[in-house]
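Structure record follows, encoded as structure tokens.
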């Protein structure tokens, strides 16, 4: 007898430790996959400048991850439960590592990055050939020969980033649906929300690390080690600056491969957590064996269509998918373009913007996920209660979002683009206003973006267009003097770079970040209850497929199209496009921050507002009927199989998963 008890205890401890090992491994997998994803999202501005792409195309490259994901998500979610789930997750992590490595390849295959400038990085700076030369011939960096121009125009190195992102999406496919279903299958129902909360916390730690890594890489020049950075005439705040985007992808590749190792040593199945005696363990083993025999007898595809039909006919599930699609359209756009928004609206560098996002937004989200899971576990929240918590917390955060419309900064004052040379406002989309009486005889290029800041607080597209005649110093420390367009009582001088937006704008940025942090906490607090509604509104055997179909729909209708159409809208606010050495258009250098703000804040607000219509419909449906797992204390009960006089009828009703309230039960009996 003692030997049997010892064996049971050993068996229980071993299974418990394996479940905890899987929980740790899947949390690390979520860290690695979200590390890679957040790093990619943070580097799209650097990739845009490196390859001189419009924002809409960069949005397509970023959304290509979803393309790779949706290629396999439905089949992996369904067939993955029939196979060895931990091994499939491990293989996915290795594939993600391969995709990240492929994304870094263009840096090693391309020539060094060259930014547009009227000041040659390697030329003789003392010649002052880049300044205003009245009645003379302006000399600029020589244009490459025609063959070099053709090579530049037709360069498709960005395709490596595109393909690598697709492969990364393919590798990420099994991690979420198979990992979540594995936890749901082998953990106690009351522990499941807490475990998923820990996993989702890993999904926040990953982006935090990714954003910090991206902030570091964005502050390091892309060709550091190959060029003398002392000769550079740009800083990280300049829109021509490109950080070392490739370095972070190499780190992400290594992390993903290392994360895969534990999964190859985990079992295919585990006993249900919480089995207390030998009879329970034996019964659980027999049930698993009978299920395996049934799968082999019926084949793994026989119940695929019935499962799909059941999910599509589930009103709560379909409404939840609709909500997710609309909300994901809003959040994908806001998260993807938040660094660019902070750059253009508040004048921050890409490195600073990414760092601030990581510091202000992700810790509150992490705390919210853990708190949401603990609340679900401690108070044994029902599906109906979870739906109300998720809906009303989300609505509260949505209303707070409108405060961000008050935290604004004016457009940068750039002569010839946002203001006239006399300092008055002008129509932002008027062409050919870069020349004025003060620089008309300087023979300046009118499209080259090499901004300088005058001591009058106004920026100019170049030192030449500012009418500057002399300069002192070299590299980033150059000072331009005797500038005819700068109307001041002093020396009329200018320095490289756009003018700072001032203290008031910095305060607005602080208010925006604080508001964003509060909103992130409130919304993440509602995430776990909302996710429980998704998991508990479908049958246990349909859970993996249901999660996969949900992910598939959000990828197809939100993850892929959202960055593309949002990027196109952002492009429409561009005030000046960069020019390549052969005259082709490059990346945008400055945006109309007012219209950018309306698009960045207004479009997600409109989308999210419509999502509360199906949310309220879910609350109405749940008020009338509850789902499997609710108990009699909530006013409903599941029909039991042992009811005197009506046993057979109740058994049939139980098989059909019909849920009746107390009055209906009394009528039946």
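Cβ atoms here come from the backbone N, Cα and C positions, even for glycine.
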Can you identify, from 484-507, 556-579, the stretch that TrEMBL calls transmembrane segment?
556-579
TrEMBL lists transmembrane segment for one of the ranges 21-40, 121-140; which is that range?
21-40
Of the ranges 284-306, 353-375, which one does TrEMBL flag as transmembrane segment?
353-375
Could you check whether the transmembrane segment (242-266) packs against the transmembrane segment (195-222) - three or more CB pairs closer than 8 Å, residues at least 6 apart in sequence?
yes
Chain residues outside the transmembrane segment (511-535) and at least six past its termini with a C-beta under 8 angstroms from it
180, 184, 192-193, 196-197, 200, 204, 316-317, 320, 346, 356, 360-362, 364-369, 371-373, 375-376, 381, 383, 385-387, 389-394, 396-397, 400-401, 403-404, 407, 543, 546-547, 550, 618
What else in the chain is close to the transmembrane segment (195-222), if you only count residues 6 or more beyond its ends and a Cβ gap under 8 Å?
23, 26-39, 42-43, 46, 50, 107, 113, 179-180, 183, 187, 229, 232, 236, 241-248, 251-252, 349-352, 354-355, 357-358, 362-363, 365-366, 369-370, 372-374, 376, 524, 527-528, 531
Contact between the transmembrane segment (599-622) and the transmembrane segment (157-183) (3 or more Cβ pairs under 8 Å, separation 6+):
no
Cβ contacts the transmembrane segment (157-183)/the transmembrane segment (60-80), at least three under 8 Å, sequence gap 6 or more:
yes
Intrachain residues whose Cβ lies under 8 Å of the transmembrane segment (316-338), provided they are six or more past its termini:
41, 44, 59, 62, 353, 357, 533-534, 537-538, 546, 549-550, 553-554, 557-559, 561-563, 566-567, 570, 600, 603-605, 607-608, 610-611, 614-615, 617-618, 621-622, 627
Remote residues contacting the transmembrane segment (60-80) - C-beta distance under 8 A, at least 6 residues beyond either end
37, 40-41, 44, 47, 53, 88, 99, 158, 161-162, 165-174, 177-178, 181, 300, 304, 307, 336, 544-545, 547-549, 551-552, 555-556, 559-564, 567
Folded-back contacts onto the transmembrane segment (87-105), same chain, C-beta under 8 angstroms, at least six residues removed
26, 29, 32-33, 36, 40, 68, 76, 80, 160-161, 163-175, 178-179, 246-247, 249-250, 252-257, 259-264
